[in-house]
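Here is the structure we will look at, set down as structure tokens.
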Amino acid sequence: MRAYIFQDEGDQRKPNDSKIEVSAEDLEAAKVSYRHHDGDLHTFADGLMKEYGFKNRDEVVVSRKGLGDRYDNMVKKFFEEHLHEDEEIRLILDGNGYFDVRSVDDRWVRIFVEKGDLIILPPGIYHRFTTTTDDYIHAMRLFHENPKWIALSRTDSTSEELDARKSYLNSIKKSVYV
């Protein structure tokens, strides 16, 4: 995992690297959790299911080869700024991608993830996702309850009024990072 301030250079799938690093501690202050595992990832996921009380999981592959003509629209959809009312938990099984999360001062922090990385985004944090120029990621999604993926756009003014958003903002009020 590598995190840094995002600097828009046109193609969302490129690094867009400002060279301003963001530490794991800074991500923790934003309630973003990260772990890496080098062993068998399905066995690791079994342990996570028990450790965190996850009840469901599935796997998704986002690739130009697999999605064909639907690929560009799918990646565009994932890159729209949004939040969820539940945690977003992803274990990267293969390939790589970028999760962008909003900092306390509303800048984009880009997080590069690759095989073996586990990232947990808290409910209520604005974020987006894109593949890299490799155009391939295989991830496991873990859920506390039934699998669901409901994205609430930042352009929808009601997203700021959601309990998940309010709770998230209260949880980071005392945090000072990036």
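Heads up, the Cβ atoms here are built off N, Cα and C, so glycines get one too.
Swiss-Prot marks one residue of S18, S157 as phosphoserine, namely S157. Cα-Cα distance from H84 (Fe(2+) binding site) to S157 (phosphoserine): 14 Å (rounded to the nearest whole number). Under the DSSP three-state reduction, S157 (phosphoserine) is assigned to helix. Cβ contacts within 10 Å of S157 (phosphoserine), excluding its own Cβ and spanning all protein chains shown: 8. The Fe(2+) site, placed at the center of the C-beta atoms of H82, H84, E88, H127, has further neighbours from the same chain whose C-beta lies within 8 angstroms: L83, L121, I125, Y126, R128, A151. The number of other CB atoms found within 10 A of the CB of H127 (Fe(2+) binding site), across every protein chain shown, is 23. Long-range C-beta contacts of E88 (Fe(2+) binding site), restricted to its own chain and to partners at least six residues apart, with a cutoff below 8 Å, comprise I119, I120, L121, H127.
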